[in-house]
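What Swiss-Prot says about this one:
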BINDING   Asp52, Asp54, Ser56, Phe58, Glu60, Glu63  Ca(2+) 1 binding site
BINDING   Asp91, Asp93, Asp95, Met97, Glu102  Ca(2+) 2 binding site
DOMAIN    39-74  domain 'EF-hand 1'
DOMAIN    78-109  domain 'EF-hand 2'
Amino acid sequence: MACAHLCKEADIKTALEACKAADTFSFKTFFHTIGFASKSADDVKKAFKVIDQDASGFIEVEELKLFLQNFCPKARELTDAETKAFLKAGDADGDGMIGIDEFAVLVKQ
């Protein structure tokens, strides 16, 4: 639960329950439910660094697929369709990855 310290446990539980079934994940709903939209730029950067598991400076497809597990290790992987939609929404420059600035915009949507 690497990102759990940035959010309330009850909010994380609610957000994960809402997308428990395959193909029900909505990044907007998830970020809103866990309160990321109101987080400071520093907290958003901390979350980005956790999600960017290989410390490349970008969140790649495989890291997006495991996104929910950053909040609860037992959470499911995102489906290919969910991962593709998440990447499309966050990858403003079309390089196939989400950078820190793109992530900061994404969480505020």
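Cβ from N, Cα, C; glycine included.
Distribution of Swiss-Prot features across the structure.
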residue	record	Cβ contacts under 8 Å, 6 or more apart
Asp52	Ca(2+) 1 binding site	Phe58, Ile59, Glu63
Asp54	Ca(2+) 1 binding site	Glu60, Glu63
Ser56	Ca(2+) 1 binding site	none
Asp91	Ca(2+) 2 binding site	Met97, Ile98, Glu102
Asp95	Ca(2+) 2 binding site	Phe58
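Under DSSP, residues within the domain 'EF-hand 2' (78-109) fall into helix, strand and coil as 20 helix, 2 strand, 10 coil.
Look at Phe58 (Ca(2+) 1 binding site): DSSP puts it in a strand. Listed in chain order, the residues near the Ca(2+) 1 site other than Asp52, Asp54, Ser56, Phe58, Glu60, Glu63 are Ile51, Gln53, Ala55, Gly57, Ile59, Met97, each with its Cβ within 8 Å of the site Cβ centroid. In three-state terms derived from DSSP, Glu63 (Ca(2+) 1 binding site) belongs to a helical segment. When pLDDT values are averaged over the domain 'EF-hand 2' (78-109), the model yields 97. In sequence order, Gly99, Glu102 constitute the residues six or more apart from Asp93 (Ca(2+) 2 binding site) in its chain with CB-CB distances below 8 Å. Of all the binding-site residues listed here (Glu60, Glu63), it is Glu60 whose C-beta has the fewest other C-beta atoms within 10 angstroms. Around Glu102 (Ca(2+) 2 binding site), a 10 Å sphere centred on its CB holds 18 further CB atoms from the protein chains shown. Residue density at Met97 (Ca(2+) 2 binding site): 19 other Cβ atoms are found within 10 A of its Cβ, drawing on all protein chains shown.
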